[in-house]
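J.: Annotations per Swiss-Prot:
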ACT_SITE  His40  active site, proton donor
BINDING   33-40, 150-153, Val179, 187-190  ATP binding site
BINDING   Gln64  beta-alanine binding site
BINDING   Gln64, Gln156  (R)-pantoate binding site
Amino acid sequence: MRALPIARSVSELRAVVDGWKAEGLRVGLVPTMGALHAGHLSLVRLALSKVDRVVASVFVNPTQFGPNEDFAAYPRDEAADAAKLGGAGAHLLYAPDVAGMYPPGFSTTITVSGVSSGLCGDLRPGHFQGVATVVAKLFLRVRPDVAVFGEKDYQQLLVLKRLVNDLDLAIEVIGAPIVRETDGLALSSRNAYLSAEQRALAPGLYRTLRRVGADILGGGRVDDCLAWGIDELKALGFGPVDYLDLRDGATLERLDDAPEGPGRLLCAAYLGKTRLIDNIGV
């Protein structure tokens, strides 16, 4: 297997990307925080189906973690990540350090209003500012034609689509379907935090989402279905349940009735100390 080239500085990154663009090649970007799994690699493969060259970034972004979150504990293994990305077909790994992304005196943040409110936006203050700012910097550095993000972080996906739209960036943002284990658990780097007992319980989140979604589409009152879902999650061992809500799939506005167009059922809940998120289309 070929060794995947790694760029650490902006100048190294741009030297490679400028060369590709001089040849008329289309470039894709897959931003990640590392600790890669099959879900991340599916993003690379989707990007490869759209462009000629793919840059994958690995950067554990401190500005999107809250003071009591898991920045220090977040798993890091660059060598393993590089091997996986190379095997998936990526052409370049961009791996800046914190000083390279946020040099001394850095004082700019980007706020995307509207879709960043509610859900994780309310429960993780500053999170989407950190996401929007770092992704905007990655966009400016890589200048991709296409960027691919997973639908598991659905609110994040809509925040970044709004960012690109509002700032007139010539980038196509593509959402990739959630990749799941055979028992339904959405793949996540944080699944590594689960004990064996918790891992056995974790698929209950997806099962509950599916049941709630089916009940809503079957004519159940939305509030009653959501309340049942929260109670069911608690009975399964989850808690606290940060939210279980039905939203418009394009705007994330709360829906009180079954959606007439694409809707999204979103949930965030703790299993022990691990916060799991998931969502399904309704």
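Glycine is no exception: its Cβ is also placed from the backbone N, Cα and C atoms.
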J.: How big is the gap, in Å, between the Cα of Gln156 ((R)-pantoate binding site) and that of Gln64 (beta-alanine binding site), rounded to a whole number?
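T.: Rounded to a whole number, the Cα-Cα distance is 11 Å.
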J.: I want to check the contact list for Gly39 (ATP binding site): same chain, sequence separation of six or more, C-beta distance under 8 angstroms. What comes out?
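T.: Looking at Cβ-Cβ distances below 8 Å from Gly39 (ATP binding site), excluding near sequence neighbours, one finds Gly150, Lys152, Ile178, Val179, Ala186, Leu187, Ser188.
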J.: Below 8 Å Cβ to Cβ and six or more residues apart, same chain only. Which residues does that give for Met33 (ATP binding site)?
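T.: Residues satisfying the criterion: Val58, Phe59, Val60, Asn61, Tyr74, Ser189.
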J.: If you count other Cβ atoms within 10 Å of each one's Cβ, which of the binding-site residues Leu36, Val179 has the most?
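T.: Going through Leu36, Val179 one by one, the largest Cβ count within 10 Å is at Leu36.
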J.: Counting only residues 6+ away in sequence within the same chain, which have a CB under 8 Å from the CB of Glu151 (ATP binding site)?
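T.: Residues satisfying the criterion: Leu157, Gly175, Ala176, Pro177, Ile178, Asn279.
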J.: For His40 (active site, proton donor) and the residue listed as 'beta-alanine binding site', determine the Cα separation and express it in whole Å.
T.: 19
